[in-house]
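The feature active site, proton acceptor is assigned by Swiss-Prot to Asp323, with sequence analysis given as support. Residues or ranges marked as 3-phosphoshikimate binding site by Swiss-Prot: Lys23, Ser24, Arg28, Ser171, Gln173, Asp323, Lys350. What Swiss-Prot records for Lys23, Gly97, Arg126, Gln173, Arg354, Arg396 is phosphoenolpyruvate binding site.
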Amino acid sequence: MNNVRKIKGGSNLKGKIKVPGDKSISHRALIIGSIAQGETTIEGFLHSEDPLSTADCLRKLGVNIPDIKEDEPFTISGLGLDGIKEPKEILNCGNSGTTMRLLMGLLAGQEGKNFILTGDTSLNERPMGRVNKPLSLMGGIISGRESGNKAPISIYGNKLKGCVIGTPIASAQVKSAILLAGLKASGTTSVIEPASSRDHTERMLKAFGANISIRGELGRNVVIKSGGNLIGQRILIPGDISSASFWMIAASIVPNSEVLIKNVGLNPTRTGILNVMDSMGCNYEILDKSTIAGEPIGSIKVKTANNLRSFTIEGDILPKLIDEIPILTVAACFCNGVSEIKDAQELRFKETDRLKVMARQLSKFGAEITEKEDGLIINGQSKFHSAEVDSETDHRVSMSLAIASLVAKGTSKIMRADASYVSYPSFWEDLAKLTN
């Protein structure tokens with residue numbers, strides 16, 4: 001790995017690329033395939049640190065997962081809902097909050113078995129009480145530091161009971177943990193969210209044969225009934241729109257650019273960035289639309305747009321673009337007028353405090369950003385100069401700073417740049433390809 005990257009501003013972007021497989025779907029394909037009966041074949045898997053942490057933990061639980069090669073399909077032999085083994089060692093989730101939170105739900109109902117989950121220094125400071133609390137309502141026996149809010153987390157598998165759970169925030173990780181626990185709970189489990197969050201878990205569980213339904217027009221009430229078995233499937237994972245977003249914004253703000261991003265997942269619970277790009281007046285089109293395994297996909301063609309408009313992000317759209325806030329903060333710096341991000345306090349509990357980190361790092365380029373408790377106010381029409389900036393070990397910050405460097409005058413230096421490997425191992429190669 002190269003932890004310092006130099007980027008010269010002024011290069012336009014031209015060409016077509018295929019971004020890595022969707023991170024959210026990669027995690028879920030592994031987990032659901034592991035508790036299905038029979039074989040599940042996975043193609044398009046994201047070969048990066050976080051999903052590989054999930055694979056490693058599942059192997060320790062007795063799942064037969066082969067050595068995963070980049071860009072190669074592989075097959076899992078599922079254990080069924082009752083086949084999870086008590087591990088002989090601690091389950092290390094690395095830096096992956098998705099791994100830890102979804103496994104909490106998966107393991108809470110494995111009766112009579114003991115599990116310990118831990119992670120790296122960053123993950124062990126992230127809040128787990130939001131998952132622990134609803135699982136405890138179902139009968140889960142879970143403990144950890146700070147009254148079960150911080151890892152290491154200890155789980156003693158217990159008999160769970162279905163119930164109705166209202167979540168205070170719209171979180172796909174919390175919802176998914178409850179639904180996975182619901183597979184082993186007696187009766188019916190219902191999750192009601194304040195806003196709809198990404199629904200990859202629901203789609204995949206349905207494809208595997210789970211008795212799951214969505215109630216209400218807004219998709220905020222998900223109901224799962226226990227009983228029955230999951231059956232192994234063939235899963236084709238589309239490109240990750242969160243990874244594509246860096247090129248979508250780069251092509252919009254870097255002069256004389258045109259980029260085609262092929263086979264991107266267009267799940268409507270993930271496409272909030274397209275709504276914001278519409279508000280900005282970005283020049284893009286979606287081509288080759290289709291549906292694979294219940295997930296809509298398409299290719300996104302983006303050209304440079306002039307006189308981009310400022311925007312406001314708030315309310316129910318946040319869960320649909322929560323991972324895109326760092327790169328949209330960069331975009332806001334080049335819009336006419338003042339943009340504002342509200343209701344985004346959840347970003348303070350990601351790999352870093354992304355609100356604070358993006359304000360701090362972009363200001364080094366000359367951005368005018370005011371940090372608020374729940375968001376940011378960004379003055380547009382910035383003139384970026386070169387700077388030495390730092391990802392602060394956050395993968396999405398690293399890639400956002402790389403795009404910001406393209407529109408800065410001079411050569412910028414990004415420290416700890418290869419944090420990007422967490423979700424996009426080929427990011428720097430793709431950047432070189434598009435700027436050559």
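Glycine is treated like the rest: Cβ placed from N, Cα and C.
These numbers come from a predicted model, not from an experiment.
Structure with Swiss-Prot features highlighted.
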residue : record                           : Cβ within 10 Å
Lys23   : 3-phosphoshikimate binding site  : 24
Ser24   : 3-phosphoshikimate binding site  : 28
Arg28   : 3-phosphoshikimate binding site  : 26
Gly97   : phosphoenolpyruvate binding site : 22
Arg126  : phosphoenolpyruvate binding site : 18
Ser171  : 3-phosphoshikimate binding site  : 21
Asp323  : active site, proton acceptor     : 24
Lys350  : 3-phosphoshikimate binding site  : 21
Arg354  : phosphoenolpyruvate binding site : 25
Arg396  : phosphoenolpyruvate binding site : 29
Cβ neighbours of Gln173 (3-phosphoshikimate binding site) where a neighbour is any other Cβ within 10 Å:
22
Cα-proximity to the residue listed as 'active site, proton acceptor', 10 Å cut-off, over binding-site residues Ser24, Arg28, Arg126, Ser171, Arg396:
Arg396
Hey, what's the widest CA-to-CA gap across Lys23, Gly97, Arg126, Gln173, Arg354, Arg396, the phosphoenolpyruvate contacts in the record, in Å?
19
Select the closest residue to Gln173 (3-phosphoshikimate binding site) from the following binding-site residues, measuring between CA atoms: Gly97, Arg126, Arg354, Arg396.
Gly97
If one measures from the C-alpha of Arg28 (3-phosphoshikimate binding site) to the C-alpha of Gly97 (phosphoenolpyruvate binding site), what distance in angstrom results, rounded to a whole number?
13
Sort the binding-site residues Gly97, Arg126, Arg354 by C-alpha distance from Ser171 (3-phosphoshikimate binding site) and give me just the closest.
Gly97
Whole-number Å only: compute the distance from the Cα of Gly97 (phosphoenolpyruvate binding site) to the Cα of Lys350 (3-phosphoshikimate binding site).
8
Tell me which of the binding-site residues Lys23, Ser24, Lys350 ends up closest to Arg396 (phosphoenolpyruvate binding site) in space, Cα to Cα.
Lys350
